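First the structure, in the form of structure tokens, and then the observations on it.
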Amino acid sequence: MKPTISVGALGGTICMSAKNSGGGVKPSFSAEQLLEAVPKLSNLANFRAKTLFALASGSLKVENLIEVYHWAKKEVENGADGVVITQGTDSLEESAFLLNLLWDEQKPLVITGAMRNPDQISSDGAGNIYASVLTALDKNSHNRGVLVVFNNTIHSARWVHKSNTFALETFVSINAGIQGVIAEDEVKYINLASKRVIFKAPSGVLPKVSIVTSYMGECGCELKLLEDAKFNGVVVASFGAGHVSIDSMKVIESLKFPVVISSRTGSGVIAKKTYGYYGSEITLQESGCIMSGWLNPLQSRLLLIVLLANGKSKAEILETFDKI
Ligand code: DAS
């Protein structure tokens, strides 16, 4: 008997066309239509397809992805051997990281998309769906959490990052390297599964957490505004290895909500014990800030939302950022 793969479509370039509307591509194709565009798939598995959202990925919300988690989990409980999600690439790394914090199944959850829409020559959507299904069907994909399959390359949700506006090879695994590749219709892993910590899926109203980027001449005013607007936490995409200006430091010392210090550089681990000037990582920690370790600002924000939504204490939040 053929295995079963469930495919959930959320929108994105992979399903966008201008044929019906003109004036630029917009979400147009359903999950069923995306599968019909890859006839070869019917040899591999039986499919259950569902269009969950038809959005550009910049409009997806954390709440939407929690819905996706519950849908995917139900699919596995109802016998699916793996799940493939298609979505826009713009926020794909955030969806993947968030779902990876929640995905409590051994079976694979694979996310893919496309950089070229179906109206374009050499659009990559069909190939990416095919490679994702192969990955979802492969037993070696079990217990690897959420995987991103793109351009015949397999990434862990823990490290994946969109690095380019138009390139087919936009997804890279900063700091850690890729998990594997798809070659000659086969899934070939070259790295061990990434370490994971799994949390209960949040429900109800989610905590409001923003990201503020450090910049030359920053005054910390944005941080103050967030507190006035009743945000529940903030991630600072700080200078270098975890540094802010003297003015921002003064504001941070006065903030009552959790402040996570990540880096605006795009790669590398955050410092903990090198610099001691006012505004450095040592003084930020002394004022109660949480250092993000290897997590970039987008990942840090999602982790902080999940931890706050699960009612974790400051000590537990610090411990989690330390070990993840
Ligand atoms: N249209 C954008 C999005 O929905 C880009 C894409 O899918 O690649 O994220």
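Using N, Cα and C of the backbone, Cβ positions are placed for all residues, glycine too.
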Substrate binding, same site as Thr89, Asp90 - TrEMBL member from Ser57, Ser59, Ser122:
Ser57
Under the DSSP assignment, what numbers of helix, strand and coil residues are found in the domain 'Asparaginase/glutaminase C-terminal' (208-321)?
44 helix, 20 strand, 50 coil
Which state, by DSSP, holds Asp90 (substrate binding site): helix, strand or coil?
coil
How far apart, in angstrom, are the most distant Cα atoms among the substrate-binding residues Ser57, Thr89, Asp90?
7
Taking the center of the Cβ atoms of Ser57, Thr89, Asp90 at the recorded substrate site, which other residues in this chain have a Cβ no more than 8 Å from that point?
Gly12, Thr13, Ala56, Gly58, Gln87, Gly88, Ser91, Leu92, Gly113, Lys162
